[in-house]
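Report on one structure; see the data block that follows.
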Amino acid sequence: MALNRPLMQKAASEPSSPRHRGAGAAQLDGHSLGLRRDSGSSSGAGSAACLPEEDCMKLNPSLLGIALRSLLAIDLWMSKRLGVCATEESSWGSARPIMKLIEVSGHGLPWIGGTLYSLYKSDSAAGQEVLLNLLLALILDLILVGIVKSLVRRRRPTHNKMDMFATFSVDRFSFPSGHATRAAMGGRFFLNHLVLAVPLRILVVLWVFIVGLSRVMLGRHNVTDVVCGFIMGYLQYSLVEYMWLSSANLQRLLELCRFK
Ligand SMILES: CC(C)=CCC/C(C)=C/COP(=O)(O)O
């Protein structure tokens, strides 16, 4: 809101011109109704009277805009307060090694490495089918997160110490959290494809949430990066289920690869 003040003063300093007064009123109505700024202005005077688009937008923030700005402010405030392990000097700095261990548990390398190793060791067709689909899911996750990060380009919190191991260049951006997408997708994958006793199922769900929380506590992410990461990972699993490759199809795919 503070940013808008000079613009408001600018508008207030030009009230003598009916051109500007008229345009301002038209903008208020047009913007709040979601209309284009020049819609309905058949005369040249109408369009010439408009303030530059950016000025108009800032003068008349929509309700949605205000709500988003407030959410963002709450997000930044909460993330800063929860970033208690961001450095060794932070209030919970001594818990940083544990948080970093949790970080490793959700990193792409151990997940992909572990899946490849299990695939190599597996001797049942059913096991190989599940593991190959998990591998494809993990690759899909890296691609989708990379695309969204490079589109949104949200910077990591200022209190983050960038000491993560094995990152891609897009990982300088924070939205969404790749650990959160992987944890949510991997968690759903395990719950659906492994026969686990109830305590272990609870442990999987707990691990997903702890990975997400650790991202904020380490100062790597804002809360919204993690929440949206969870949602994205959850949906990614549905996509994986939808595109599930049966062992017969995988066999055909492997044969195709062999012919090439
Ligand atoms: C090198 C490989 C295979 C994966 C990179 C995994 C990684 C470092 C993701 C970033 O996660 P956040 O977005 O949660 O910080």
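Note that Cβ sites are derived from N, Cα and C of the backbone, with glycine treated the same way.
Broken down by DSSP into helix, strand and coil, the domain 'Phosphatidic acid phosphatase type 2/haloperoxidase' (130-241) contains 82 helix, 2 strand, 28 coil. Feature annotation from TrEMBL assigns domain 'Phosphatidic acid phosphatase type 2/haloperoxidase' to 130-241.
Residues annotated as region 'Disordered' in TrEMBL: 1-26.
The transmembrane segment annotation in TrEMBL covers 132-152 (among others). Using a Cβ-Cβ cut-off under 8 Å and counting only residues 6 or more beyond its ends in the same chain, the transmembrane segment (132-152) has close neighbours at 108, 111-112, 115-116, 119, 168, 170-171, 173-176, 178, 181-182, 185-186, 189, 193, 229, 232-233, 236-237, 239-240, 244-245, 250.
Nonlocal intrachain contacts for the transmembrane segment (189-211), taken as residues 6+ away from its ends with a CB within less than 8 angstroms of a stretch CB, comprise 102-103, 105-106, 130, 134, 137, 179-180, 183, 230, 237, 240-241. According to TrEMBL, the transmembrane segment annotation covers 189-211 (among others).
For 223-245 (among others), the entry in TrEMBL reads transmembrane segment.
Long-range contacts of the transmembrane segment (223-245) within the same chain: residues 71-72, 75, 78-79, 82, 129, 132-133, 136-137, 140-141, 144-145, 148, 154, 174-189, 192, 208, 212-213, 215-216, 253, each at least 6 residues beyond the stretch ends and with a Cβ under 8 Å from a Cβ of the stretch.
Regional average pLDDT for the domain 'Phosphatidic acid phosphatase type 2/haloperoxidase' (130-241) in the model is 96.
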